[in-house]
Amino acid sequence: MSKSGNGNGDKVLYCSFCGKSQHEVKKLIAGPSVFVCDECVELCNDIIREETHETHEETEARLPTPKEISNFLDEYVIGQQHAKKVLSVAVYNHYKRLQHKSEDGVELGKSNILLIGPTGSGKTLLAQTLARILNVPFAMADATTLTEAGYVGEDVENIIQKLLQKCDYDVDKAQQGIVYIDEIDKISRKSDNPSITRDVSGEGVQQALLKLIEGTVASVPPQGGRKHPQQEFLQVDTSNILFICGGAFAGLDKVIRERSDKSSIGFSAQLKSKKSSNDEVSKVLGQLESDDLIKYGLIPEFVGRLPVVTTLQELDEAALIDILTRPKNALTKQFQSLFKMEGSELEFRGEALIAIAKKALERKMGARGLRSILENILLDTMYDLPSLEGVNKVVIDESVVNGLSKPILIYEQDEKKSASGSKD
């Protein structure tokens with residue numbers, strides 16, 4: 001017992017760990033026959049934090065193999081097997097390069113990635129999922145909002161600021177993060193010839209991104225403050241940040257065809273229909289060369305900074321149905337969880353899923369259009385359900401998806417009647 005008396009007869013309490021008296025510390029916490037002071041509590045917290053951090057670092061040290069990365073992507077992203085393989089290898093090599101600095105003097109270059117695919121094919125989701133499996137900070141940027149320094153819009157350094165925000169301004173963590181720049185095709189040069197006038201949202205942005213993607217020390221104001229001369233900047237080295245750029249590149253297949261048609265002019269040339277199917281477009285994109293991207297409007301230096309290029313196919317009806325049901329966080333599972341919170345089961349019939357997929361194909365939004373379709377279908381039900389009592393199940397069939405009828409509500413009493421009827 002850490003107690004003792006003083007001359008006045010009052011008992012002085014002492015910390016059972018460090019021996020300091022109650023007068024030497026701010027707070028003394030009493031337990032059964034022991035006392036602990038606030039200083040010892042703080043010290044214990046520090047020890048626990050350090051051990052947790054060390055354990056976390058040990059866990060992070062193991063880099064998953066390309067197969068493991070691809071298998072993890074399969075849990076969240078449907079299809080796009082070739083793109084997954086390319087990404088898995090590129091990301092594995094990138095982080096292996098960071099973990100094992102070359103001892104034989106061979107300097108390993110950084111392999112940034114370019115994803116080409118239609119809207120809603122899974123470009124953003126692939127990049128997000130990669131960051132999740134590797135447990136690294138992830139930031140997204142829209143290339144259309146970027147401008148050259150000094151013009152109205154976002155500076156390219158703002159991308160690094162977003163990355164810092166994701167890891168509480170831990171510079172070391174940010175320097176090993178992943179940055180995804182979407183709509184990269186929208187900053188293509190407006191013509192083949194270098195622009196005489198300023199192109200602040202096209203070629204100018206490509207020039208500004210060059211150094212950032214290749215590797216430079218970016219100066220970022222701390223905690224999102226505005227830039228001013230007296231302020232100390234955070235210095236972030238972008239050499240080890242993996243940049244993934246994505247875009248739809250509409251019309252790129254025509255650029256590739258023009259190039260290939262030049263080599264097959266004459267009697268041996270095959271006549272091609274004006275309209276191309278999705279499979280034909282995918283085959284054409286498979287013949288992509290760096291010169292095609294330059295012809296499209298990316299400057300040669302920018303194309304050179306993105307050595308790993310892979311294409312994603314447009315999702316068909318079967319793939320969209322799989323996206324609705326198969327992934328861990330599939331949309332139907334998300335809405336079923338919402339309805340479960342209200343005590344109701346949500347059921348999607350097979351023909352309803354087909355109708356939803358067909359609607360998404362009509363809108364040409366790919367997987368991105370699925371959520372808005374489901375939101376519209378379930379809006380009235382989600383509005384009414386919290387006010388209704390005894391709704392056991394909500395059923396969605398094809399007619400509901402096509403707007404011909406309302407969702408079927410099955411009440412608790414109806415289920416009891418049908419159950420008793422079957423017994424009789």
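Sequential numbering from 1, following the chain as shown.
Glycine too: its Cβ is placed from the backbone N, Cα and C atoms.
Not measured: the values here are computed from a predicted model.
So that you can see what the record holds, here are the features copied from Swiss-Prot:
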type	residues	note
BINDING	CYS15, CYS18, CYS37, CYS40	Zn(2+) binding site
BINDING	PRO118, THR119, GLY120, SER121, GLY122, LYS123, THR124, LEU125	ATP binding site
DOMAIN	1-56	domain 'ClpX-type ZB'
Inset, instruction - Restricting to the same chain and to sequence separations of six or more, state which residues have a Cβ under 8 Å from that of LEU125 (ATP binding site). - result: TYR76, VAL77, ALA367
Inset, instruction - Starting from the Cβ centroid of CYS15, CYS18, CYS37, CYS40, which together make up the recorded Zn(2+) site, report each further residue of the same chain whose Cβ lies within 8 Å of that point, ordered by sequence. - result: SER16, PHE17, GLY19, LYS20, VAL25, LEU28, PHE35, VAL36, ASP38, GLU39, VAL41
Legend entry - PRO118, GLY120, GLY122 as binding-site residues, winner by CB count within 10 A: GLY122
Inset, instruction - Excluding PRO118, THR119, GLY120, SER121, GLY122, LYS123, THR124, LEU125, please set out which residues of the same chain place their CB within 8 Å of the center of the CB atoms of the ATP site, keeping sequence order. - result: GLY117, GLY246, LEU312, GLY366, ALA367, ARG368
Inset, instruction - Would you count the other CB atoms within 10 A of the CB of SER121 (ATP binding site), including those on all shown protein chains? - result: 26
Legend entry - Count of other CB atoms lying within 10 Å of the CB belonging to LYS123 (ATP binding site): 26
Inset, instruction - Tell me whether CYS37 (Zn(2+) binding site) sits in a helix, a strand or coil according to DSSP. - result: strand
Legend entry - Coarse DSSP state, helix versus strand versus coil, of CYS15 (Zn(2+) binding site): coil
Inset, instruction - Just give me the nearest neighbour of THR124 (ATP binding site) among the binding-site residues CYS15, CYS18, CYS37, CYS40, Cα to Cα. - result: CYS40
Legend entry - Rounded inter-Cα distance in Å - CYS40 (Zn(2+) binding site), THR119 (ATP binding site): 56
Legend entry - Mean predicted confidence [pLDDT] for the domain 'ClpX-type ZB' (1-56): 76
Inset, instruction - Please name which of the binding-site residues listed here, CYS15, CYS18, CYS37, is nearest in space to THR119 (ATP binding site), Cα against Cα. - result: CYS37
